[in-house]
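Data block below; observations after.
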Amino acid sequence: CSLQPKDAAKMPESAWKLLFYTLSWSYGAYLLFFTDYPFFHDPPSVFYDWKKGMDVPTDIAIAYLLQCSFYGHSIYATAYMDTWRKDSVVMLLHHVVTLTLIAFSYAFSGGCAGGWRGLQGQGAALGLVPLPGSPLNPPRSLCPRFWFRLYWFPLKVLYATCYSSLQLVPNIPFYFFFNALLLILTLMNIYWFLYIVLFVGKVLMGQMQEVNDVREYDVEDSEKT
């Protein structure tokens with residue numbers, strides 16, 4: 001197939017993200033639905049019998065390693081390699097917060113809040129990274145982002161970390177630190193969701209003739225600045 005030069009330049013970035021998100025999400029889904037972990041159906045179980053210095057199971061440790069390596073790379077890639085977009089600063093902050101959350105969650109055996117966050121993020125991301133040459137599909141982006149990040153994320157993750165953790169481990173360390181990071185991520189989720197809602201509104205109102213990724217700066221505007 002023939003791609004425009006701008007689309008061809010974005011192909012490696014989009015293909016790599018699509019591949020990683022698919023594999024990472026699939027592994028997260030395997031841990032939640034095809035093992036004996038009850039985290040999805042019983043989110044507070046991540047804090048059952050919690051204690052400092054507890055061992056992290058190998059399969060969950062692999063998920064932590066994959067997520068940390070990806071977001072560590074993403075910080076560099078967003079700043080120096082990827083196409084600069086209108087929300088790149090927010091994206092960069094998102095990667096830093098996510099990496100901090102996952103790394104500290106592993107270091108302090110903070111349950112599976114960090115790994116849980118990874119599954120929610122990758123699920124929505126599958127609907128957000130179109131291959132170059134194909135337009136961003138608003139319904140395909142809107143539905144998974146709402147379902148994973150604005151419904152399941154608060155229902156499963158925030159409920160367990162903000163409420164259940166104190167009930168099960170009254171003196172749990174770093175309670176405010178971890179929950180502050182999770183709430184920051186929630187605010188970012190709301191920001192991107194509203195961004196897409198406005199995008200869909202413009203399309204429906206006929207204010208946009210082409211369904212393109214509106215986060216990207218126009219080439220001519222970039223040259224002017």
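Going from the start of the chain as shown, residues are counted 1 onward.
For all residues, glycine too, the Cβ spot is worked out from N, Cα and C.
Copied from TrEMBL, the annotated features are:
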type     : residues : note
DOMAIN   : 9-205    : domain 'TLC'
TRANSMEM : 18-40    : transmembrane segment
TRANSMEM : 60-77    : transmembrane segment
TRANSMEM : 89-108   : transmembrane segment
TRANSMEM : 174-200  : transmembrane segment
Task: Mean of the pLDDT scores, which run from 0 to 100, over the domain 'TLC' (9-205) - done: 79
- [ ] Report, as numbers and ranges, which residues of the same chain sit near the transmembrane segment (60-77): CB under 8 Å and 6 or more residues beyond its ends.
- [x] 13, 20, 24, 27-28, 31, 37, 92, 95-96, 98-99, 102-103, 105-106, 112, 114-115, 118
